[in-house]
C-alpha cells in the first residue's frame, strides 16, 4: 500500500544497513575509550540510531531530544522549538547528534550552538542523509552516510505528515501526495 505513494526507491534497507555499519566502525575508532553521548533527534532518528547502535563497539550513552522546525509541512518553518530536552548533563561530554536528515541546517546549528554554550567537550553531527542543496545556514555534518538530491524523501524514519517512517527503505514521495 505505502509503496504505491513512492516514485522511486533511492536506498534499500540493505544499502542503509551497509552504510550504517561503516559509520559504526568509524565512530568506534574515533571514540574508543571516550564514552560519548549519542543524542537522537526524535522522531526521525529512531530507525537510524537503533541500527547504528548495533555497529558501535565501544561504550556509549544515549539520550533523546524532540526538536521541531517543520510543524507538519514539507518545508522548514525556520523556527526551532525544543519540545523535549536531554536528561543528561552534557558539560564536559563528547556529544554526537544523530539525525535522519540535514536539510536547511537550522535545527542542527541551533543544537550545536546550544550544546557548546552548555560546555560540551565536543559536539559532532552524524546523519543518515545530507541534503546540501537545502542548506540555509553554515553547518556541515561530521559523519554522513549519503548525500542526497533536493527531493522529498520518506522512509527509515523520514516522514511526511507523520507517515511513511515505517518503510524499511528510503524513497522519493510522489509529488501528488504532498501537493494535495
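Placed from the backbone N, Cα and C atoms, the Cβ positions cover glycine too.
Take the diphosphate site that Swiss-Prot assigns to 43, 44: the candidate from 135, 165 listed for it is 165. In the record from Swiss-Prot, residues 152, 153, 159 bind GMP; the candidate from 131, 180 listed for the same site is 131. Among the recorded positions listed here, namely 43, 100, 103, 103 has its C-alpha nearest to that of residue 131 (GMP binding site).
Across the fold, the C-alpha of residue 103 (active site, proton acceptor) and the C-alpha of residue 152 (GMP binding site) stand 10 Å from each other. Long-range Cβ contacts of residue 159 (GMP binding site) within its own chain (separation 6+, distance under 8 Å): 43, 44, 165. Shown in sequence order, 101, 103, 129, 151, 154, 158, 160, 173 are the same-chain residues outside 131, 152, 153, 159 whose Cβ sits within 8 Å of the Cβ centre of the GMP site. Cβ neighbour count for residue 165 (diphosphate binding site) (all protein chains, 10 Å cutoff from its Cβ): 17.
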